[in-house]
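Notes for the one structure printed next.
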Amino acid sequence: MTDVTIKTLAAERQTSVERLVQQFADAGIRKSADDSVSAQEKQTLIDHLNQKNSGPDKLTLQRKTRSTLNIPGTGGKSKSVQIEVRKKRTFVKRDPQEAERLAAEEQAQREAEEQARREAEESAKREAQQKAEREAAEQAKREAAEQAKREAAEKDKVSNQQDDMTKNAQAEKARREQEAAELKRKAEEEARRKLEEEARRVAEEARRMAEENKWTDNAEPTEDSSDYHVTTSQHARQAEDESDREVEGGRGRGRNAKAARPKKGNKHSESKADREEARAAVRGGKGGKRKGSSLQQGFQKPAQAVNRDVVIGETITVGELANKMAVKGSQVIKAMMKLGAMATINQVIDQETAQLVAEEMGHKVILRRENELEEAVMSDRDTGAAAEPRAPVVTIMGHVDHGKTSLLDYIRSTKVASGEAGGITQHIGAYHVETENGMITFLDTPGHAAFTSMRARGAQATDIVVLVVAADDGVMPQTIEAIQHAKAAGVPVVVAVNKIDKPEADPDRVKNELSQYGILPEEWGGESQFVHVSAKAGTGIDELLDAILLQAEVLELKAVRKGMASGAVIESFLDKGRGPVATVLVREGTLHKGDIVLCGFEYGRVRAMRNEMGQEVLEAGPSIPVEILGLSGVPAAGDEVTVVRDEKKAREVALYRQGKFREVKLARQQKSKLENMFANMTEGEVHEVNIVLKADVQGSVEAISDSLLKLSTDEVKVKIIGSGVGGITETDATLAAASNAILVGFNVRADASARKVIEAESLDLRYYSVIYNLIDEVKAAMSGMLSPELKQQIIGLAEVRDVFKSPKFGAIAGCMVTEGVVKRHNPIRVLRDNVVIYEGELESLRRFKDDVNEVRNGMECGIGVKNYNDVRTGDVIEVFEIIEIQRTIA
C-alpha cells in the first residue's frame, strides 16, 4: 500500500486536518498537514481509536422485589401491607492489567483464606479430641475409686455370703465396665459434634469476612443499594428484616432467625432507644448491611459567616434587607439600634441607612440605580454639533435697597423697580439686552435676607456676577452672602459701586471692606473689576457693560446652538388663565414651540413661548430667557428642563420621579433616632402656629417658608400645613379650618367659594405684598403664645428696731420703713447681714393698734411674719411683688 498524505487521509475519513493531526499526536505519532502516512502508522492509529472507543466502562443493574405482609389488627381483621425492596448495583470495567493484578491478589487472598480455614479446622479437631480424652480418663479414675470403696465394704460382710457376693461383684464389675465404655463412646461423639459445629462456624465466619473484604477493598463491583420500606407498625419492620435476610443472604428462617424474632408478649418491654436502633438498622447502610448506630442529624453549622453580595435600591424595607442577607429581621433591627436608629420590620429605610447596616453585618453592598429609563431618555439626544459663542448670563446681586433693579432699569430703559411692592425685588427677573458690542442676559435677584435660596439659584445659573454695593452704605450682610454664593459657584465677580453721585459716597471704603472678603480690585493686584456707576444719573453704565463683555470674552463662553434644548427653571407660577407658567433660561440647543419638555416632576408640550416683554416667540437659543406654557404642573425653581423625543416616556420618567421622591421623603421622615426620641419626651408642651401659605410664584413660597420656619423656638413652633402657587381655593380654606391654621396670601387673593368657607368657619385670612410685614405679624402672633416672664420687683424695705411677743401672732417686729412702701399680703424676705434667711409673707401689719394695708417710707409699724418667730433686732424685711412681662420673638 502506498503512503498517503495527512490531507488525503483526512479527506478519505471525512474529518478535518487539525483533528487528524491531533489523533496521530494522541497515538504517539507527530505529523504535520503535509507529511505522508505509512500503512503501519495507519494501523497504529486505527488500534488507538478502537481501544479508545471500546465498550462502556460501567454497567448498572437494578432489581425490585415486591411482597405482601398480612398484619393482624383489632377486631380479628387483618391488614395487608405492600413491601417493595429496590436494589441497584453498578459494575465498573477495569483495565486488563489492573484486572490481572486484582485477580492475582484475589487468588492469593483466597488461598490464604483456605489455608487459614484448614488450619482452624485442624486446630478445632485437635482441641476436641484432647478434651474428650481428658474427660474419659477422669471418668475412669472416678469409677476406679468408687469400685475400691465398695470392695472394701464388701470384705466386712459375713463370710457365708462371700461366695454370693463375689459372684455378684463380678457381674456388677462387668456391667460397670460396659457402662463406662458406653459413657466414653457418648463423650467422644459429643466432642466430635461440638468440634464439627465449631469448625463450621469458623469457616462460615472466614467466608463472610472474605466476602466483605472482596466488596469493600477491591471496589469491584461497586454496589449502591437503597431499600425503600413502607412501614406501618413494629410487626411490619420485623417482617422487612426477615424479607431482607431471605433476599440478600439466600438463607431460610433458621434457628437464629427464630431467636431474633421477639416474643408476642414482649412488644412493650423494649425501650425507646432499642426501637430507634432497630428502625435505624432497617433503613441504614450501603449494600444492605445493617448498622446499629442511632439516627444523627446530617446538617453541620458553617465554620464561618457567609458574606453575601446585597443589592440595595434607593429604598428598601427592613424585612427585604433581612431576606437579602439571609438573616432574621430581628437581627437587622438590633444592628440598626446599635447604630442609633429605630425601625420596624415593615418600615422603609433609605439607601444610605441600608448600606450602613449591611456593611456593619459584614456583607458587600451593591447599590442599584433604578433610573435606567431616565438615563435612556436623557441620553437619546442630538449631539455632535459644533459649539458657537453665546451671550453671557449676568446675575445682579447685592444688599437690599443698594440699587440693583434701578441699575438694570437704566440699562433696559424701563421702570421695573417702581412696579415692585414696597420698592424691593421679590422675584428673579430674567431679561436680555442688546448692546452695541453684543447681547447680555441679566438675572435680577432679591436682596432681602429671606431670599437666600433665590440668590444661590441665580449664582448657579450664571456666568458672571455683578455685585452692586452702595457707595454710601458699604458692605452689608446680604453683600457678604452674595460673595459667598459667587465663590461657591466659582464665577467671576464684577463690582458696581452704585450711588456714586451722592455727597456721602466713599468708594475707597467699599474697596477696603470688600478686600477683607477676598474681592480685590485690579489696581491692587486682584482679579475683580471695580466700576463706579450711578443708576439715577446714568454715569458709568457703558463702562459697566464693557467690563461685563470683557470678562465674557476672557471666559470664551460657547454653547451648541443646534439640536435639542436644555436649560433651567428660573421662576415658576400658576396663572389663572394660562395655567402653569415657567421662566426658563436656555443653556444649549434651541427650544421650539411644540417641543416635548421634561422638567423635574412635570412634563408637557410647549404650547406657547413669550419673552420678557410679553411677546410671542417661536424659538429661543442659548442664554435666552423665555416663559413657557403647557406643563402638567408648576415645576420647582431650579429644576432642569430637557427636551425629549417621546411624550409617553417623558410622562413615565416624571411619574417615576414623583414616586421616588415620595418614597425617599417617607423613608427620611420615618427615620427616628434614639436621641430625638428622648428629646421629644423631655420637650413638654410646645405651642404651634399652623399656617396655610399661598403665593404668586414658587420662589416666594420657598423664601417665605424658610423664613417662617426659622422663627420657631423651643416654646412656639411654626408649621407650614400647606403651601402652593396660585390663588386661595376652597380646598385651602377647608384645610385651614381642619387644622386651625392661619390663611396667608402673598400677592394672591381668595376666590368666591373660598371666601364663603372662610366666613362660615371664621378663619383668620391675611393678605400681604411685602415680606417684611408678613414676617412681623407672624412674630407678633407667636409672641402672644409665649408664656409671660415673671419678674420680682422690690417695693419696700423695713428695718427691725425691736421685737415684741404677742399671744396671737407670736414674735412681732417693730420696724421703721426705710425705703418704698410695705403692703400687707405681699411676699417678703427676712435678711440678716444681707443674707436671706427666710422667705414668706406678711401675716399682720399694724400702725399703733390699727390694722393697715400699707405703710409708707419714714413711718413706724408692727410686722408679724407668718410661721416665723426668729426675728431679731437689726434684721431687714424686704417686701416685693411679682409682675408679668410679656415676651416677644426676637
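Every residue, even glycine, has its Cβ placed from backbone N, Cα and C.
The region 'Disordered' annotation in Swiss-Prot covers 45-304.
In the compositional bias 'Polar residues' (67-81), helix, strand and coil residues by DSSP number 3 helix, 10 strand, 2 coil. The compositional bias 'Polar residues' feature in Swiss-Prot is assigned to 67-81.
Per Swiss-Prot, the feature compositional bias 'Basic residues' maps to 252-266.
If you look up Swiss-Prot, you'll see 389-558 marked as domain 'tr-type G'.
Annotation source Swiss-Prot lists GTP binding site at 398-405, 444-448, 498-501, citing sequence analysis. Every protein chain shown contributes to the tally, and the Cβ of Lys404 (GTP binding site) ends up with 30 other Cβ atoms within 10 Å.
The feature region 'G2' is assigned by Swiss-Prot to 423-427, with similarity to another entry given as support.
Annotated region 'G3' per Swiss-Prot: 444-447, in sequence order, evidence recorded as similarity to another entry.
The annotation region 'G4' is assigned in Swiss-Prot to 498-501 on the grounds of similarity to another entry. Within the same chain, residues 402-403, 407, 468-473, 507, 532-537, 539-540 sit at least 6 positions outside the region 'G4' (498-501) and bring their C-beta atoms closer than 8 Å to a C-beta of that stretch.
If you look up Swiss-Prot, you'll see Lys808 marked as N6-acetyllysine, on the strength of similarity to another entry. According to its DSSP assignment, Lys808 (N6-acetyllysine) is coil.
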Measuring Cα to Cα, tell me the gap between Ile500 (GTP binding site) and Lys808 (N6-acetyllysine) in whole angstrom. 84
In DSSP terms, the region 'G4' (498-501) comprises 0 helix, 1 strand, 3 coil
Return the residues near Lys808 (N6-acetyllysine), defined as same-chain residues 6+ apart in sequence whose C-beta is under 8 angstroms from its C-beta, sorted by sequence, else 'none'. none
What is the total of other Cβ atoms whose distance to the Cβ of Gly398 (GTP binding site) is within 10 Å? 29
For each of Asp401, Ile500, count the other CB atoms within 10 A of its CB; which of these binding-site residues has the top count? Ile500
Where Asp401 (GTP binding site) sits in the secondary structure, as DSSP reduces it to three classes: coil
